[in-house]
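As recorded in TrEMBL:
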type	residues	note
DOMAIN	D:6-302	domain 'Phosphofructokinase'
BINDING	D:GLY14, D:LYS82, D:GLY83, D:GLY109, D:ASP110, D:GLY111, D:SER112	ATP binding site
BINDING	D:ASP110	Mg(2+) binding site
SITE	D:GLY111	site 'Important for substrate specificity'
BINDING	D:THR133, D:ILE134, D:ASP135, D:ARG170, D:MET177, D:GLY178, D:HIS179, D:GLU231, D:ARG270, D:TYR276, D:ILE277, D:GLN278, D:ARG279	substrate binding site
ACT_SITE	D:ASP135	active site, proton acceptor
Protein chains: 4
Amino acid sequence: MNRQTRLGILTSGGDCPGLNAVIRAVVSHATLTYDWQVFGIPYATQGLLERQMIPLHVHSFDLRGIDPLLSMGGTILGTINKGNTLACMDEIISSYQALGLDALIGIGGDGSIAILSQLALQGNWQFIAIPKTIDHDVALTERTIGFDTAVNTITDALNRLTFTAASHDRVMVVEVMGHEAGHLALHSGIAGGADVILIPEIPYSIETVCGHLAELHDRWQRKFAIVLVAEGIHPAHDANYLPHQKPSGSRGQYIADCIAKCSAYPVDTRVSVLGYIQRGGIPSALDRLTAAAFGKTAVDLIAEDQSNQMVAWQNGRVVAVPIAQVCDRSPLAVDPDGDLVQTARALGIYMGE
Amino acid sequence: MNRQTRLGILTSGGDCPGLNAVIRAVVSHATLTYDWQVFGIPYATQGLLERQMIPLHVHSFDLRGIDPLLSMGGTILGTINKGNTLACMDEIISSYQALGLDALIGIGGDGSIAILSQLALQGNWQFIAIPKTIDHDVALTERTIGFDTAVNTITDALNRLTFTAASHDRVMVVEVMGHEAGHLALHSGIAGGADVILIPEIPYSIETVCGHLAELHDRWQRKFAIVLVAEGIHPAHDANYLPHQKPSGSRGQYIADCIAKCSAYPVDTRVSVLGYIQRGGIPSALDRLTAAAFGKTAVDLIAEDQSNQMVAWQNGRVVAVPIAQVCDRSPLAVDPDGDLVQTARALGIYMGE
Amino acid sequence: MNRQTRLGILTSGGDCPGLNAVIRAVVSHATLTYDWQVFGIPYATQGLLERQMIPLHVHSFDLRGIDPLLSMGGTILGTINKGNTLACMDEIISSYQALGLDALIGIGGDGSIAILSQLALQGNWQFIAIPKTIDHDVALTERTIGFDTAVNTITDALNRLTFTAASHDRVMVVEVMGHEAGHLALHSGIAGGADVILIPEIPYSIETVCGHLAELHDRWQRKFAIVLVAEGIHPAHDANYLPHQKPSGSRGQYIADCIAKCSAYPVDTRVSVLGYIQRGGIPSALDRLTAAAFGKTAVDLIAEDQSNQMVAWQNGRVVAVPIAQVCDRSPLAVDPDGDLVQTARALGIYMGE
Amino acid sequence: MNRQTRLGILTSGGDCPGLNAVIRAVVSHATLTYDWQVFGIPYATQGLLERQMIPLHVHSFDLRGIDPLLSMGGTILGTINKGNTLACMDEIISSYQALGLDALIGIGGDGSIAILSQLALQGNWQFIAIPKTIDHDVALTERTIGFDTAVNTITDALNRLTFTAASHDRVMVVEVMGHEAGHLALHSGIAGGADVILIPEIPYSIETVCGHLAELHDRWQRKFAIVLVAEGIHPAHDANYLPHQKPSGSRGQYIADCIAKCSAYPVDTRVSVLGYIQRGGIPSALDRLTAAAFGKTAVDLIAEDQSNQMVAWQNGRVVAVPIAQVCDRSPLAVDPDGDLVQTARALGIYMGE
C-alpha cells in the first residue's frame, strides 16, 4: 500500500517497570522493519477520547545517543487506572477513526485487555495486547511485564527487613501488593526467606500462624520472624482474634495485631507496608527481555493481519493466544497445590491450610 | 600485665547498617594488634544486667573463610531501643564487675552514649563511644555509622517513586525517618530530586507548599511531584487546613490530605511511608570505611588509657572528642541557613520559610 | 526402614549464584519432611575421592537466626572445575560406599552431570542432577541456576559502560562468558541495549560489523557504540583483517583491533573483559526461586526411588528428565532463527549473517 | 547590567558519575536564582576551539517531567581526555570571546583545572573549577565528584569476586584504577574486605605478600585470598621474581604471576581487571549531593566576581580555594602513615612496608 501503516500504542492500568522497554521495541521493529508510523496515545483510553497522540520515532527519546527507555521504570506515555471507557465507547471509537490509526497495541493487565478488546471489536479495528502486571494474574502466559522486577524489589526489601528484625528480636509483618492473587508474595517470600506467607488463595488461621512462630522460637531458637502478607488476604474467619475490629487499616497491621494478641510468647511486632516502591525501579534484565520479545511479536502479529490476540510466554517461546480465551480464564490465581506452594512448604514456610 | 585485657563491646539503640563492620574492626585490631580478649554483650545494657557475654574472635563468624560481617546489616549482638538502664544502674555496675571486663566500647546514638557514659563514670570503668544513627543527629562528628547507607536507600526509593508518580500524574508524599532532625530528608531529597522537602527544623505552610506545586504545574508543565517529609515535622500551625484532625496517622498522610484540600489544581495524592527498610540494607562503602576507622581508633583510645571519649570524623580525620562536649551540644539539627539547605533552594526545592 | 537415609550433595564445575540456595532447599526438605541425614561433599568428586563429608542441618549456617545461604553467591561446599574423575572411577565408587551414602544430588553443568551419572550407574547408586550454569547451555530445561543473575550482572555492566562510552564517543567492545553458547551475550545484549552481539553460533564478518557501526554513525548520528562479544566466537574467517594475528589475547581485544582497522570513520575503541564478576553476586530472586523448586523436587525424586534424572523447568513447571536424554542433546546452543535472535534483529541489533 | 550574563560550562578529562548532577545544579541555580543564560561547551576545550555551544535550560533534558540528569552517569556534554589545548591557546581564547561568554565553570581533574585556569588567566576571563576524579587525587578537598560511586562499584565487585574465589580456593588478584594515587584501592579494599592492598605510594615485596598469604593459609585456614592492586604500582623492585618480564600486560597479571611463582603453598591465581565499569554507574547519593553543593557554590562564586578558585569540601563545608594553591600541591597521594592505612593494617590487611 502507498500510505504508511499508522500504528497506535498505549499503556493502561497501574504502571510497572518494563513498559518503556515494550514501547521501544514496538517503535524499533515497526519503523525499522516495516516502515510504519507509530503514535503513542497518552493516558490510555483518556488520550484516545481526547484525540491525542504523539509521533514516536526510533531514538526519539535519546540523550546524546543514550536511549533511556530501556532502564526507565513507569511509562513515558502516562497511564490511568480506571477510566470511564465503557460509558464512552462510541466517542472513543470515533476518536480512534479520527486519529486515522490502522491498528493498536495495548499494554495492560487483564481488565484493560478485556476492555480494549471489546472496543476494538466494536470499532472493527486490529488490536494486539501485551500483558503487564506486577501481580502476574493474567491467564495463559508464564510471564507478565513488571513481575520479575517487583519480585526482586520485594526480595531485596525482605533482606533489609530481616536484618533489622533480627537485631531487635521482632516479628516483622510485611504487606505486599496482590489483591486477588498471591504470586508476588509467594515468589518473593521463597526468594527472600520469609517464615510465613499468607495469600488470598489459601485460608489461614491466626492460631496456626502463631503456632508456627512458636515452633521457630522453641525448636530453632529463632527470636525474630518475617511474616509476608498479600494485601488481598481476608481477615481470619475462624479466629476469634480481634473479631470486632474492622481491618480498616492495612492487612499487615491487622495481622500484626492478631499475632501480638495470640502469640504463645511475648512478641514485639512491627509492620512494613511496601506500597508504591514495588511499582518502581529499573527493570530487571528478564523484564526487559520479555518486553523486547513481546513488543516485537505484537508488531509481527499486526503485520500478519491478526487481531484480538494477546502475546504470551509459554514453554520457552513467545506465542499468541486469543484474548477471548484469556478473558474466559482470568485472573490467574496461585494453585494451592502447585509446585511453588509445595516448595514453600518444603522449606518450612507456613502458608495456611 | 600478665592477664589479657578483657574488652567488652555492645550496640545500643535502633539498629543500622555498618554496626557489624564496627564490631569486626574492633575484634581484629584488639586481638591482632594488642592480643586482648573481646567479648560481645548482647542486647546492650540488658545483656550487661543479665551478665551475658559472648567471646568474639577474628574470623569467628566466617563461613568457609568468607567474613559475612562486612556486608551484613543490623547487629550480630542484638540491641534494644529503650532499656531501664537508669533504674538499674547499680546492678549493671556490679554485673560489669562480675564479668571481669576492663573496658567497654559502646556503639550508639547520642542518648545511648550519654547513658553509657554515666554508667562508666559511676562504675569507674574505661568507656569509648562510637556514634551510629541513620538520623545523623550526633554533635561534633561529620559522620555517623548508618547514615550514608540510609541516604542511599531513600534516594533509590525516590527514584522508584518518581517513575510511578510521573506515570500517573500524582503528587507522591514520601515520609522518611527523622524525629528531631531532618538530615536524612535533606540529603536524600537533594540526591533524589524531590520537589519539596519538609523537616522539623524549618516551619512551613501548606499554602506555600501548594503554591510551589502550582508553579511546577503551571510554569514547568510538571504534572507530578515528589514531596519528602521527615516524620518529625510539626503539623502546619498557621494553616487552617484540617485543623480538627489530630495527625494520628502518619505525617505523610496528613500532608497529603492537606495538599489535596489546598491545591490550586485537582491533584491525585498518594503516600509512601518508607519505614523499616530505611534501617536495613547492605552497608555502603562509606559506612564500612567509617566503621573500620572508628572501630580501630576506639581500640587505640582504650590502649592509650583514655575514657569517656567519642570517636568522631572531623575535617577528613578520625579524632576523639570528650563525651561531655557531645552531650552539651546534641542533638545536631539541620542548620536552616547552612550550605545544604541553600543548595536545595538553589535547585528550586521548596523547604519552608 | 530404621536407619535414617543418608543423602549426599555436592556442587561441581564453575561456581555461580544460587548454589547455596539449592543446598539450603535440599537440606530443609530432606530433614524437615523426610527426616533424612544430609551430608555435603566438599569439592565435588575430589571430596568423594578423599572420603570427606560435612553433616548439614537446617539452620546450620545461621548467624543469630539469619540464614546467609539464600543471598550468598558461590558454594559453601567448594567446587572444582576439572577433576580426574574418569581416571579414578573405581576409587570414587569405593569411597562413596565407604561414606555410607544412600543417594546423591549433584549440582553441575552438563559435563559434570554426565560424569556423575556415569559414576552413579557404575556404582549402582541413586543420583539426581540439578542443572546450573551461567552459560545456560544445558538441554531440555528453560532455566539453569545462575543464568538469570549473570544476565542481570552483565546488563548492569552494559549500562555503566554505555555512559562512559557515550561521554567519550568510543566503541566499547565488551567480552562476556560463553565458550560454546551465546545465551548470556544474547539475553544481556538485548536487555542492556547493545548495538552488536556476536555469539559462537552465528558467523559474522568484520566488514558487516563495521557497516552497521557506520550506519549508526551516519544515519542516527550515534558517536559511540556497544559491541558485545561472547568469548567463544571464532576469529572472523572471511575477513582479511588482521589475518596474521593469532588472537592470543581476548576475543574482545581482537574484535576491537579489527574494528579499528576496518571502520569507515575514525574510531576510538576500548575493551572491557567482564571476567569473574559475572560468576559472583547476590543471587537474583528468580535464581533463588528456581533453586528452591529444583532442590525440593530433587529430594522428592530420591524419595520416589528415581535415579539418573535431571530436574528441569519446562512450560512453567518443574519436571524430571532422564539424564541420558540430556546427554544426547547437549550443549544447548542459541537457535539462530529463534525468537530471541529475531527479537534482537527487530531492535536493530547486528548479530551476524 | 541589561544584558543577561552568559555562563559557559564544560566537563574535561575522564568521565565519571555525578558530572550531569553538577551540570543540573549549575543550570538550575544560574537560571532560577540569577536569571543567567547557561551554555554547555561540548568536548571540553575541543568544543571551545570549534566554537560550539548548546543552550541549557532548567528541565531541558526532562522526559515527561522526569529529570534524567541526576541518575545518569557520564557527561551529557561529552568530554576528552587529552586535547592539544596548550598548542592552541590563542585560538581557544579568541573562540571564547567569539562565543560571547562572561564566565566559565570547568569540571575536571587537577590536570584539566590547571590548564583551564591558565587559559582563563591569559584570556582574562572569570573561571571557577569543580574537582572531579574517581582517583580522588586533587589536593585541598576531602571530596571529588565520582569517587564515592567508584568506591562503591569496586566494593561490590570485591564482594562478587570473594564468592567465586572462595568457592574455588583461588587467589584472586583484582586490578583497579589509580595511576598515581591509591585512594580507590585503599578505600574499597577496606570496605570490601581485601587481604592485600598494593598502591603506588607504598613499596612492597612479593615475598612479604606471599608471606601474608601463607599466614592466612596456615594460621586461619583461609584457602582463598583477595589481592587488590592499583594499576599504578611499580613492579616489585627488590624481588628477584620475574625480573626479566616487562610487565607489558596488566599489573594485576604481573602480580598474579609473581605470587604463583613465589607462594609457599600451591596456589591457583586468577586476575580480574575491573576496567571501565569503574567509571560508569548511577551516581551514589553522596556524589549527587556533593555535585549539587559544588555546582551551587560555583555559580555563587561567579556572582561574587571571584575567579580562579576551585570549589572544595573541607571540614563539613563547601569552600573556595585558589587554584594556584591546588596546583602547588597536586596530586594528592595516600599518606602512608595516615588514618586509613593504619586502619587497613589494624584489620590485618597487608599494605607493603
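For all residues, glycine too, the Cβ spot is worked out from N, Cα and C.
All annotation found in TrEMBL is predicted automatically rather than curated by experts.
Note: the Cα of D:LYS82 (ATP binding site) and the Cα of D:THR133 (substrate binding site) are spaced 15 Å from each other. Most Cβ neighbours within 10 Å among the binding-site residues D:LYS82, D:HIS179, D:ARG270, D:ARG279: this distinction goes to D:ARG279.
Sequence-distant neighbours of D:GLY83 (ATP binding site): residues of the same chain at least 6 apart with a C-beta under 8 Å from its C-beta are D:ALA44, D:THR45, D:GLN46, D:LEU49. Secondary structure from DSSP puts D:ARG279 (substrate binding site) in coil. A straight line from the CA of D:GLY111 (ATP binding site) to the CA of D:ARG279 (substrate binding site) spans 18 Å.
The average pLDDT for the domain 'Phosphofructokinase' (D:6-302) in the predicted structure is 94.
Under DSSP, D:ARG270 (substrate binding site) is assigned to a strand (E or B) in the three-state scheme. The binding-site residues recorded for this entry are D:GLY14, D:GLY109, D:ASP110, D:SER112, and the Cα of D:GLY109 lies nearest to that of D:THR133 (substrate binding site). Contacting chain C by the Cβ rule (under 8 Å between Cβ atoms), the binding-site residues D:SER112, D:HIS179, D:ARG270, D:ILE277, D:ARG279 reduce to D:ARG270, D:ILE277, D:ARG279.
The binding-site residues near D:GLY109 (ATP binding site), taking a 10 angstroms Cα-Cα threshold over the set D:ASP135, D:MET177, D:ARG270, D:ILE277, are D:ASP135. Residues D:THR133, D:ILE134, D:ASP135, D:ARG170, D:MET177, D:GLY178, D:HIS179, D:GLU231, D:ARG270, D:TYR276, D:ILE277, D:GLN278, D:ARG279, recorded as binding substrate, reach a greatest CA to CA spacing of 32 Å. Closest to D:ILE277 (substrate binding site) in space, going by CA atoms and restricting to the binding-site residues D:GLY14, D:ASP110, D:SER112, is D:GLY14.
Neighbour density for D:GLY111 (ATP binding site): within 10 A of its CB lie 17 other CB atoms from the protein chains shown. You'll find the Cα of D:ARG270 (substrate binding site) roughly 34 Å from the Cα of D:ASP110 (ATP binding site). In this view, D:GLY109 (ATP binding site) is surrounded by 26 other Cβ atoms within 10 Å of its Cβ, with every protein chain counted. Note on proximity: of the binding-site residues D:GLY14, D:ASP110, D:SER112, the one nearest D:MET177 (substrate binding site) is D:GLY14, by Cα distance. Around D:MET177 (substrate binding site), a 10 Å sphere centred on its CB holds 23 further CB atoms from the protein chains shown. Geometry remark: D:GLY14 (ATP binding site) versus D:ARG279 (substrate binding site), CA distance 8 Å.
Around the Cβ of D:ASP135 (substrate binding site), the same chain contributes D:GLY109, D:PHE147, D:MET177, D:GLY178, D:HIS179, D:GLU180, D:ALA181, D:HIS183, D:LEU184, D:PRO331, each under 8 angstroms and 6 or more positions distant in sequence.
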